[in-house]
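Report on the following structure.
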Amino acid sequence: MAEPGFGRGLRDGIPIALGYFTISIAFGLYCARGGVGPWSAATMALTNLSSSGQFGGLSVILAGGALVQLAVTVALVNLRYLLMSFSLSQRLAPGTGVLRRLVMAYGVTDEIYAVAMSRPQVGFRYFTGLMSLPVIGWTGGTLTGTLVGSALPASLHSAMGVLLYAMFVAIVVPVAKGSRAVRVVVLVAGVVSSLLALVPGVRELEIGWRIIIATVVAAAFGAALFPVPGIGAEQASPREATPEPDREPTPDPDREPAPGEGAA
């Protein structure tokens, strides 16, 4: 069977692009409310391609956080892409060079990864086609949202304050409905975040560090309570995991037969 090419990747990326365009408008509106210009917002979208990373990073920027806080926050939020890239690398077509791998790594998102992993093998041409329209949709939606938000009257900008929270509610609730682990982790993150904002002595921390602490604590709590089944099973030696059946000794052709051996 011939390897799917750029055109097939484009077709597979159309639904992702449509969804990204809609979601990124919300990010553009959030940028406009924070005073970020249209082209700065579009550049941020083009170079990051991460809704949660961009929202988290922009929150730190608007709060006046330090560059270290910004870097750590975005790195933690986007850490899952590292694991996705490791997994996807096992499906790449033979001969995919380092430069092509770097280009493909740029386009790894949750949805693009899911579509790519549905194929037994992922080639460079197919993957670049798959990620092209989503990148355009994400950047174009951000630019559109920023331009629209900049034209809104000041009275409506205050109403846009709930936009970020509504965005994450829309992301989390559908997943949490089908996963007890997600519900618990979200609850822990909310409790830790509230404590960090209310308890004297720690509430003075800048918002960037509070996001980092809440993320690490919630992730560690979830990993401890809900470990992935099967982890560590491969640590057992082959003999322990699958005992070999009893085998009859292999006859030695050079051994002289004992008296009476082999007689009918």
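A Cβ is built for glycine as well, from the same backbone N, Cα and C atoms used for every other residue.
Below 8 angstroms of C-beta separation, residues 41, 44-45, 51, 54-55, 58, 61-62, 111-112, 115, 129-134, 136-150, 152, 157, 160-161, 163-164, 166-167 of the same chain, each at least six residues beyond the ends of the transmembrane segment (12-35), sit close to that stretch. Annotation comment: TrEMBL describes 12-35 (among others) as transmembrane segment.
Per TrEMBL, transmembrane segment is recorded for 55-83 (among others).
What TrEMBL records for 126-148 (among others) is transmembrane segment.
Look at TrEMBL and you will find 154-175 (among others) tagged as transmembrane segment.
Remote same-chain residues near the transmembrane segment (182-201) are listed as 172, 175-176, 210-211, 213-215, 217-219, 221-222, 225-226 (criterion: CB distance under 8 Å, separation of at least six residues from the stretch ends). Annotated transmembrane segment per TrEMBL: 182-201 (among others), in sequence order.
Long-range neighbours of the transmembrane segment (207-228) within the same chain, counting only residues 6 or more positions beyond its ends whose Cβ lies under 8 Å from a Cβ of the stretch, are 56, 59-60, 63, 65-66, 69-70, 72-73, 76-77, 180-181, 184-186, 188-189, 192-193, 196-197. Per TrEMBL, the feature transmembrane segment maps to 207-228 (among others).
Under the heading region 'Disordered', TrEMBL lists 233-264.
Taken from TrEMBL, the feature compositional bias 'Basic and acidic residues' applies to 241-258.
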